[in-house]
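Here is what Swiss-Prot says about this protein:
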type	residues	note
DISULFID	CYS79-CYS171	disulfide bond
SIGNAL	1-18	signal peptide
Amino acid sequence: MKPLLLAVSLGLIAALQAHHLLASDEEIQDVSGTWYLKAMTVDREFPEMNLESVTPMTLTTLEGGNLEAKVTMLISGRCQEVKAVLEKTDEPGKYTADGGKHVAYIIRSHVKDHYIFYCEGELHGKPVRGVKLVGRDPKNNLEALEDFEKAAGARGLSTESILIPRQSETCSPGSD
């Protein structure tokens with residue numbers, strides 16, 4: 001279950017396309033703090049994973065430019081805390097995680113205070129790709145969602161299966 005959560009959580013890192021640019025090192029310094037998962041899509045179905053809600057995600061800039069991401073998700077009635085260290089590479093906006101098994105990209109959105117996260121990795125021996133939209137404010141932003149859909153589509157991911165998770169300040173199993 002942890003590799004599945006890591007793969008999906010690392011989908012927090014954005015889609016590459018011509019009109020989306022990787023975030024610069026200076027911009028990455030500004031990503032520390034609280035972020036809200038606004039939308040996500042992956043290229044595979046995970047029937048065993050019923051994402052019910054998410055808490056705000058915390059990103060922390062570590063020494064050497066690495067990032068730590070922490071989020072708690074209510075999945076199939078159970079709170080799952082996910083914590084990952086994203087290791088900086090020589091390419092701005094590009095990170096690796098889980099011993100290099102996952103490659104993550106932070107891409108700036110055209111909408112202020114929003115980023116699109118894209119991740120490629122492997123889960124149960126099969127390749128998996130995911131895209132997430134995060135923003136500083138929990139309210140949905142249609143312009144940011146349109147930007148996200150374009151980025152997901154440009155990477156070959158379905159825009160028909162976009163999930164917009166319910167926001168929750170804390171994880172409480174059994175709450176609605």
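Cβ from N, Cα, C; glycine included.
Remember, it's a predicted structure, so these values are computed and weren't measured experimentally.
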**Item:** Number of Cβ atoms other than its own within 10 Å, given for CYS171 (disulfide bond)
**Value:** 19
**Asked** Can you name the residues of this chain that are 6 or more positions from CYS79 (disulfide bond) yet have a C-beta less than 8 Å from its C-beta?
**Response** THR72, MET73, CYS171, SER172, PRO173
